[in-house]
Amino acid sequence: MRGPCCWPLSLLLLFLQSWETQLQSAGPRCYNGPLDLVFMIDSSRSVRPFEFETMRQFLVGLLRSLDVGLNATRVGVIQYSSQVQSVFPLGAFSRREDMERAIRAVVPLAQGTMTGLAIQYAMNVAFSEAEGARPSEERVPRVLVIVTDGRPQDRVAEVAAQARARGIEIYAVGVQRADVGSLRTMASPPLDQHVFLVESFDLIQEFGLQFQGRLCGKDLCAELVHGCQHLCVNAPGTFYCACNSGYKLAPDNKNCLALDLCAEGTHGCEHLCVNSVDSYFCRCRAGFALQQDQRSCRAIDYCSFGNHSCQHECVSTLAGPQCRCREGHDLLPDGRSCRVRDFCNGVDHGCEFQCVSEGLSFHCLCPEGRRLQADGKSCDRCREGHVDLVLLVDGSKSVRPQNFELVKRFVNQIVDFLDVSPEGTRVGLVQFSSRVRTEFPLGRYGTAAEVKQAVLAVEYMERGTMTGLALRHMVEHSFSEAQGARPRDLNVPRVGLVFTDGRSQDDISVWAARAKEEGIVMYAVGVGKAVEEELREIASEPSELHVSYSPDFSTMTHLLENLKGSICPEEGIGAGTELRSPCECESLVEFQGRTLGALESLTQNLARLTERLEELENQLASRK
């Protein structure tokens, strides 16, 4: 037996007329409430003419079962293929006859199948108020019926989900070759009530009757798990939730919230108002207690409980009791005990030379011969001194990068003390580990700012500790005239300053002695695990003036006083002269220079005076 898809056109039309008659006689028209109903008809080239005629007759028959009108159900129709075309919008017609006439006049587009594009159009245009859809606050159900015969050529999942999220209920009707997966992707849940696959024409009649029943009279509240907390209310083709008196619908449109009595502003609560089932009560914020009037709040005095154990003072906070120390004291890690504050601990005091704690404050001191400046922290500078200073810095792996940065900062503090210039103090820097590297020689930089910038740019070497190799490099290269040292006949003092944190991995004795033989005044600064015997072997005599030690890198700053007071030009100073300060040292040198100059000038003047007297004597003798 041939199926309906193979019937002659005359027999098909006769069948459609019979189906339309059955649909009209299946029951009364729907009067349960208004709908905004849009039909989205596939008119792609895959829909054959007699198939499109079937869909047309289906629409006409379904319209005759609806109570259409501007105040009842509004109907709109769009057709789509590769593009979307509005047959008539929701607000166009109020009479069924006008709608039928427009449907019978539709000419198929006969192109592709862009179903996703059509859903986008329905969501943004067809269901807009401009097209005749009623405002959302009127709660008129919006229903989209998609009728298609094939697989979409674009994506439908995302746009269909967006449409459903906007409250559009989607029915997906597939004819013969339609893709079931796409139908299920587009339709609203539950899918068994929103997805229809029509495999033959006789099932179109069955679908029409089922669909009419869905739109007209089904008790969805009774048949579905609606999820309403209080009340479920049927609407044509859908339902909505409502709440009992004294409640309002929550944003999820299912649960109910008690009316906010606190929002009325008459509760009188000092802090917080909390709604209950049929009333409200007051609550205080953390750290406060509710008073007897059940409205006002008072801060809780945690210190009054007597269990805080604070050594000095107890302060009640919202989080509980906290201990506080009196002025000039610091709270210990136990959070209870106090210790007298050492204002000189660390480097924040700002003193250039020495910091002295004094009661609840501190004051700065300068070496003898130098005066404290108006800022109360810095000291006046000595007059120009002539020194060639080479710094040997330990860059071995035991130092570690963070401590190496502290060494660089310490070096720059020494540079701040010096009068760096080509004619004054020249500074060179050598870093050593398993090898030796000249970072910059004596003659490269002529200002303290340039030297400090170069020090900050020095990169950490890591590896071993070859102090002996570094001393050899200093003796043979660093104090050479090629590296910027001044000639020996100028008698410019040569000073070597070694920073190290551990035992050398090579012998230092030979080159430490050689450095002193070459007239280099050696200073040794040890930090952490530095070996005292090696420091004394490196340094010049007396060792108490040339050796400095600090237990760790963070406390090196106290060494500055010793070093700054020791590095001083020695030219022209005789044995036995007591050097009390750098300024006194330079003053003696300057005094000797000026005295010698004055004596030489006086001698020259006396010689000229003698010559003049001899000339006068000769003149007197010739006159006789």
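Cβ from N, Cα, C; glycine included.
Cross-referencing CYS228, CYS256, CYS262 with Swiss-Prot gives CYS256 as the cysteine bonded to CYS243, criterion being a recorded disulfide. If you go by Swiss-Prot, CYS228 shares a disulfide bond with CYS241, out of CYS216, CYS221, CYS241.
Only one of CYS310, CYS338, CYS344 is recorded by Swiss-Prot as the disulfide partner of CYS325: CYS338. According to Swiss-Prot, CYS355 forms a disulfide bond with CYS344, chosen from CYS344, CYS366. Which of 556-589, 590-623 counts as coiled coil depends on Swiss-Prot, and there it is 590-623.
Here is what falls inside 10 Å of the CA of CYS241 (disulfide bond) among the disulfide-bonded residues CYS232, CYS256, CYS262: CYS232, CYS256. Under DSSP, CYS310 (disulfide bond) is assigned to coil, being neither helix nor strand in the three-state scheme.
Under the DSSP three-state reduction, CYS262 (disulfide bond) is assigned to helix. Recorded residues CYS273 (disulfide bond) and CYS351 (disulfide bond) have their alpha carbons 57 Å apart, per Cα-Cα distance. Rounded to a whole number, the distance between the Cα atoms of CYS366 (disulfide bond) and CYS314 (disulfide bond) is 41 Å.
Here CYS355 (disulfide bond) is positioned 5 angstrom away from CYS364 (disulfide bond), judged by their C-alpha atoms.
If you take the Cα of CYS379 (disulfide bond) and the Cα of CYS355 (disulfide bond), they are about 12 angstrom apart, rounded to a whole number.
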